[in-house]
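One structure below.
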Number of protein chains: 2
Amino acid sequence: MIVAIKYPNGQPYHDSTHQPLSKKAADSKPVQHGHRGMSLEQELNRANEFYLQRGIANIHKKPTPIQIVHVDYPKRAAAKITEAYFQQASTTDYNGIYQGHYLDFDAKETNSPTAFPLNNLHQHQVTHLLDTKRLGGISFLIIRFTKYQETYCVPIDAINQFWERRKTERQSIPYQAIVQHGVLIQPSLYPSLPYLEAVDHII
Amino acid sequence: MIVAIKYPNGQPYHDSTHQPLSKKAADSKPVQHGHRGMSLEQELNRANEFYLQRGIANIHKKPTPIQIVHVDYPKRAAAKITEAYFQQASTTDYNGIYQGHYLDFDAKETNSPTAFPLNNLHQHQVTHLLDTKRLGGISFLIIRFTKYQETYCVPIDAINQFWERRKTERQSIPYQAIVQHGVLIQPSLYPSLPYLEAVDHII
């Protein structure tokens, strides 16, 4: 069980190390921790904070959809949800705006050194990405091969070629195909995963 | 307490009357219930389902952000969240893509016949809408005067003029100013609130 520390304002505590650095702090000599130990989601959240702060893009991870069944309202304390269930999302996890473009994507990690397994992906995600692309959006997956610490931005059209053939042919996308159709996100110091530089190549 | 009915697939029950009508059903003679009894949120959700189904737009309400503290994993049953708290959102409730445009908005209702009270609005919502507009998005509020059953689409720039003066001048936007700066959403049968017709006038 995780213990939530409640601050006097009744808001849950957020780890302040996850807040964006101030411009001044970012411009001074950064601590070189790279992205060691950070999950793909953490790196994307930090990149999004960076882009938001600099006025470059406004992209957010959507909250997990939850069906709330019962809430307690104690006196002098925050409302407490005591019964709730996870729901299936109907969209992807990330969307927002970048240089006038609507962006939509999901982020996936695999331990496999040879291929991205398509059971990591769901039909509703593929459908949503194809639909937003058809409407003029930039739709893609961010796929990380953890073995290589390589992260690619892969357009939904390339993904879909393999997705459509998954029942008759192979149920994964070979690493080499990701390298060929995707754009490698070059790591940097801050943010550690400047993924919009890769997105620039698929706009 | 609301009782959640669990179906055999382990998914929470969804009221099927909230599902979009099939194209056939929609084209045949509709039941004229208008929007009586429906909240603004319900009407927007139905409009978004309609637009998604017809391939016109892909716009969704974001889930409420919740901090999960404790989850039970019973055998042969869905994971049950037993302790969680509401979090403050950092964005607005709705975003998506329409005709290549990034759309971002929040929906508000007021019982006042004379003005929209600005305490209905939060700084982070205004900031987010101004920011997404600056990046090239279409950013607005949907404001309903329940007394008149009138719903307006109001660009964020018009809202912000009043927002910036709220501490020195009036703390609300007069009804007449909403009528002047906003676009009235003409109700229809299906969807009952075709708000993208109003959005067309502010693109």
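Cβ atoms here come from the backbone N, Cα and C positions, even for glycine.
A helical conformation is recorded for A:Gln125 (Mg(2+) binding site) in the three-state DSSP classification. TrEMBL lists A:Thr91, A:Asp93, A:Asp106, A:Gln125 with the feature Mg(2+) binding site.
Annotated region 'Disordered' per TrEMBL: A:7-36, in sequence order.
In the three-state DSSP scheme, A:Lys108 (site 'Transition state stabilizer') falls into the strand class. The Cβ of A:Lys108 (site 'Transition state stabilizer') lies under 8 Å from the Cβ of A:Leu40, A:Phe116, A:Asn120, A:Leu121, A:Leu141, A:Ile142, A:Ile143, A:Arg144, each of these being in the same chain and 6 or more residues away along the sequence. If you look up TrEMBL, you'll see A:Lys108 marked as site 'Transition state stabilizer'.
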Set of same-chain residues at least 6 away whose C-beta sits under 8 angstroms from A:Gln125 (Mg(2+) binding site): A:Thr91, A:Thr92, A:Asp106
In the chain carrying A:Asp93 (Mg(2+) binding site), residues 6 or more apart in sequence that have Cβ under 8 angstroms from it: A:Lys61, A:Lys62, A:Phe105, A:Asp106, A:Ala107
Listed in sequence order, residues not in A:Thr91, A:Asp93, A:Asp106, A:Gln125 with Cβ within 8 Å of the centre of the Mg(2+) site Cβ atoms: A:Lys62, A:Ala89, A:Thr92, A:Tyr94, A:Asp104, A:Phe105, A:His128, A:Leu129
C-beta crowding around A:Thr91 (Mg(2+) binding site), within 10 angstroms: 22
